[in-house]
Amino acid sequence: MNVKGFRFSAVEAAIKKPGRLDLALICSDAPAAVAAVYTTNKVKAAPVLLDMERTTSGTCRAVVVNSGNANACTGDRGMEDARETTSLVAERIGASEHEVLVCSTGVIGVPLPMERIRGGIPSLVAGLGSATLDQIAAAIMTTDTFPKLEARTGTAGGVGYTIAGIAKGAGMIMPNMATMLAFVVTDAAVDPQWLDRVFRRANDTSFNAITVDGDMSTNDTAIIMANGAAGNPVLSEGSEGAAEFAVLLEEVLLSLAKLIVKDGEGATKFVEVTVKGARSDADAKRAAMAVANSCLVKTAFFGQDANWGRIFAAVGYSGADVEPDRAELFFDDVRMVQGGVFAGGDAEARGTGVLRKKEFTVTVDLHLGDGRATVYTSDLSYDYVKINADYRT
């Protein structure tokens, strides 16, 4: 996939197991507008803290990413290692150190193997242009089972452009952000301040609307770079083509977010949870996330048990305003609850049939207002426990 003005590279630096790409570089030939969102965990990894400082400038040349080590909870050394990594890249691409961002993912509490990173960076930079975005997606994987890539094309002022994104993440996935990294590149010319706003809006309905296990990581980062190489008139609030760009960006991020859930550790189901008729959108999101994060609900999904009571209970303890005798609950189009009680008839059998599917929807209508939210989740299987019990061994 070609995105004008961007080059990619990935190498094996022996950070992960032998034979796996684990050091990647995304580089723009010219300074690019940049926006980013980060984990809300109060325990933030060194690369997150460094990037938070640097993205305030609104411009960026490159992002270097390692997988296999999170560089989190590593003290002063962790920050020194993050800075050195960006410095080594910057001097080889002819950029300021402050124009280079760094991301890490992997085991927490272990210092970066800097001798391996130092050894890998010369070939990483020399190989710019030799890798595809698919290979970068593979290089940033940890417990993922497949690389995640999505792209869209659009036009602005009669000029075509591309938006392409990659992501990783399969566990510790819950808003806001989670063990997930996402990188979006576009050759569209975009005003930096508007890019920041539109990127945050798109994140709210995508990466901040997914959960696999309710855990929040120390490293989560989503970055977008827009280098203007397409040559379109600069996109900004209300400009021609701005609305289309915003829609396409949201489509890319939502598709990546769904792929993360589908690749959830041990996941066998993909479930869309919608709460509507709430007092507010915030109430709806609160209730939907309570359902999507409930271990009892998720194990019922895995067991294909139409246990609507667990869902109803999760809505009740979510903190959202609920009047039980008004509520309805559906599995796909099968009404399981009406007026706060079991719908009766053949609902149990039909609901069980829905839960046998790989993908289905759960809809709760509170009948209290116009608030609405949708989140995406998976089931919780035996394999999730095994994957995470064995993670460091």
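From the backbone N, Cα and C atoms, a Cβ is placed for every residue, glycine too.
Quick look at what Swiss-Prot lists:
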ACT_SITE  Thr179  active site, nucleophile
BINDING   Thr142, Lys168, Thr179, Glu265, Asn388, Thr393  substrate binding site
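Swiss-Prot feature annotations superimposed on the structure.
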| residue | record | Cβ within 10 Å |
| --- | --- | --- |
| Thr142 | substrate binding site | 21 |
| Lys168 | substrate binding site | 28 |
| Glu265 | substrate binding site | 24 |
Three-state secondary structure of Lys168 (substrate binding site) from DSSP? strand
Taking DSSP three-state, what's Thr142 (substrate binding site) in: helix, strand or coil? coil
What does DSSP assign Glu265 (substrate binding site), in three states? coil
